[in-house]
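S.K.: Pasting the relevant annotations from Swiss-Prot:
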type: BINDING; residues: Glu268, Asp312; note: Mg(2+) 1 binding site
type: BINDING; residues: Asp312, Asp314; note: Mg(2+) 2 binding site
type: COMPBIAS; residues: 94-104; note: compositional bias 'Basic and acidic residues'
type: COMPBIAS; residues: 487-515; note: compositional bias 'Basic and acidic residues'
type: DOMAIN; residues: 262-344; note: domain 'Toprim'
type: REGION; residues: 94-115; note: region 'Disordered'
type: REGION; residues: 483-521; note: region 'Disordered'
type: ZN_FING; residues: 40-64; note: zinc finger
Amino acid sequence: MAGLIPQSFIDDLLNRTDIVEVVSSRIQLKKTGKNYSACCPFHKEKTPSFTVSPDKQFYYCFGCGAGGNALGFVMDHDQLEFPQAVEELAKRAGMDVPREERGGRGHTPRQPTDSPLYPLLSAAAEFYKQALKSHPARKAAVNYLKGRGLTGEIARDFGLGFAPPGWDNLLKHLGGDNLQLKAMLDAGLLVENSDTGKRYDRFRDRVMFPIRDSRGRIIAFGGRVLGDDKPKYLNSPETPVFHKGQELYGLYEARQKNRDLDEIMVVEGYMDVIALAQQGIRNAVATLGTATSEEHIKRLFRLVPSILFCFDGDQAGRKAAWRALESVLPNLQDGKRVRFLFLPEGEDPDSLVRAEGEDAFRARITQQAQPLAEYFFQQLMLEADPATLEGKAHLATLAAPLLEKIPGNNLRLLMRQRLSEITGLSGENIGQLAHHSPPPSSMDHGASGVLDGDDYFAASAYYENEPSHAPFDAAPGYVEAQPRKSWNKDKKPWDGKKWDGKKKWDKGGRGDFKAPQRTPVSVESTTLNALRTLLHHPQLALKVDDAGTLAREQDTYAQLLVSLLEALQKNPRQSSMQLIARWHGTPQGRLLQALGEKEWLIVQENLEKQFFDTITKLSESQRFGEREERLRSVMQKSYSELTDEEKALLREHYSVAASSPSQS
């Protein structure tokens with residue numbers, strides 16, 4: 001599809017992507033402390049030197065130097081171009097890739113920023129936590145949580161809080177100018193009355209449940225009312241960072257407790273998740289006011305081989321289970337397992353696990369959980385009685401098209417055989433039925449009863465098949481890094497050839513050029529030296545003022561330095577690899593990686609002085625360039641057209657020229 005991919009979409013996509021999930025779906029990772037390790041997929045090795053950091057969301061190989069974020073990994077591992085890699089990750093996240101036409105934008109690199117909603121939501125969570133500890137009206141919330149048997153430790157682990165009664169507690173605490181209020185609306189923290197324009201807190205007099213994404217960032221809230229207000233449970237609305245059909249409450253907390261989960265239990269509510277955790281069962285998650293979707297299933301199967309659905313035994317619970325089964329079937333590969341556990345009428349996981357304890361609840365799972373195939377045929381036989389010919393015909397009509405959705409060949413074949421045994425139809429007849437849609441089933445159920453609320457990677461603002469930036473020649477006066485050996489003998493990600501500016505940069509052909517003769521030199525340009533210094537000493541960025549005024553559009557190296565400064569000023573904790581990963585697959589990224597790998601020759605005591613000498617020179621060069629451009633413009637005019645200021649500029653120029661010795 002033609003058109004540009006907006007940078008905001010790339011940022012959102014990376015924010016919703018867990019690099020551990022992406023990498024582990026392609027190579028086998030082993031937990032090593034906080035990180036994961038493996039033998040590098042990009043070069044041959046016997047001892048693992050490839051590391052994936054879930055906290056920093058990047059990978060790095062200490063053997064060959066390969067590194068980047070999730071998008072870069074997909075590009076290099078799957079040998080995809082940038083747009084195709086974006087499509088791959090977007091498909092995984094259940095997102096459609098938008099495209100926009102280029103609209104007269106310049107080529108100046110601009111840094112993406114994390115959504116401002118994340119710190120705002122985090123601040124709101126802290127406000128709710130403090131209110132649970134100290135607000136005068138907290139007693140009802142504390143009593144509710146104690147009544148559910150929760151300890152302070154569990155409340156801390158899940159970040160539980162309290163939204164006090166009143167219309168503007170959070171508004172007064174976090175509110176500010178119109179931009180801040182707009183951000184609070186965008187984050188779903190405030191509601192605006194469409195008639196009066198009045199804004200007020202969305203959550204009032206509720207126990208608060210922060211909802212986290214796979215990286216632990218707070219993206220939304222759920223609130224359980226303490227009084228008689230409706231609805232009983234209220235979720236945040238859809239926002240730029242929260243998409244309820246994809247997120248699962250408690251998934252982050254479950255993985256924090258055990259990164260090597262082999263099964264995840266899906267329950268219906270926040271309190272079910274928390275009550276199970278209180279009793280030592282730390283693998284439960286819950287959907288957020290929606291039925292279990294295919295996106296939920298895909299996400300869970302990327303993490304674990306087995307899913308257990310645990311629902312109430314009432315009609316609503318059984319309807320929810322069937323809808324979950326319908327979402328499971330198209331994703332049920334051989335080797336994956338799904339089970340269903342129904343609790344006694346009037347019980348839910350919260351009440352039952354508190355009544356009988358962890359051991360008895362686990363025994364219940366072992367003894368009573370039904371395999372998917374057993375549950376599937378049991379439910380259909382309740383609707384179509386196989387004791388009659390008419391019932392067998394109806395059963396086959398219902399079951400055959402559903403079985404056809406199963407991608408796992410072995411399981412699909414075995415379930416067809418079971419259907420043949422029940423109905424007496426041949427496999428050929430069942431295959432013919434599979435291509436006919438079943439009649440509407442009484443198992444097609446309505447929506448969930450939970451009421452919802454109201455409604456780094458890049459050097460430019462947009463992405464296309466090629467980077468959108470000014471020509472980027474290899475720097476004069478620096479030794480290029482030796483290329484690492486590629487894992488693919490036919491395609492090298494970087495062979496050292498610089499772009500000569502004579503033709504369009506071909507990102508798709510990166511690595512297909514012949515390397516030029518290298519001429520070692522001893523002097524590195526001051527701008528490149530500053531870039532390298534900043535990569536190794538990012539704290540220096542915080543001492544630079546007005547970084548955006550340091551570089552003219554024609555100076556691509558200075559522009560890159562400015563981009564690094566701005567990125568570090570927005571997030572000072574970024575590592576060298578995270579910075580390099582922002583430009584993965586572009587000439588800037590390869591230059592930064594080469595600079596980062598070069599031998600360090602600057603005396604430590606001179607680092608800061610040399611760095612700020614370069615910053616000063618760039619600033620002076622910028623001012624001089626602006627003056628020269630203005631002077632050229634003035635000299636195009638006749639003297640009578642000049643303003644007094646322009647005449648003064650001209651006199652100053654000729655005065656300086658007259659007093660300066662001539663140069664040959």
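In case you wondered, yes, glycine gets a Cβ from its N, Cα and C as well.
Note that the structure is predicted; figures quoted are calculated from it, not measured.
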S.K.: Could you give the number of helix, strand and coil residues in the domain 'Toprim' (262-344) as assigned by DSSP?
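M.R.: Per DSSP, the residues of the domain 'Toprim' (262-344) fall into 36 helix, 20 strand, 27 coil.
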S.K.: Name the residue among the binding-site residues Glu268, Asp314 whose Cβ has the smallest number of other Cβ atoms within 10 Å.
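M.R.: Each of the binding-site residues Glu268, Asp314 was scored; lowest Cβ tally within 10 Å is Asp314.
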S.K.: Distance check, please: Cα of Asp314 (Mg(2+) 2 binding site) against Cα of Glu268 (Mg(2+) 1 binding site), rounded to an integer number of angstrom.
M.R.: 13
S.K.: By DSSP, how many residues in the zinc finger (40-64) are helix, how many strand, and how many coil?
M.R.: 0 helix, 8 strand, 17 coil
S.K.: Around Asp312 (Mg(2+) 1 binding site), how many other CB atoms lie within 10 A of its CB?
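M.R.: Summing over all protein chains shown, Asp312 (Mg(2+) 1 binding site) has 24 other Cβ atoms within 10 Å.
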S.K.: Across the whole of the zinc finger (40-64), what does the mean pLDDT come to? Round it, please.
M.R.: 85
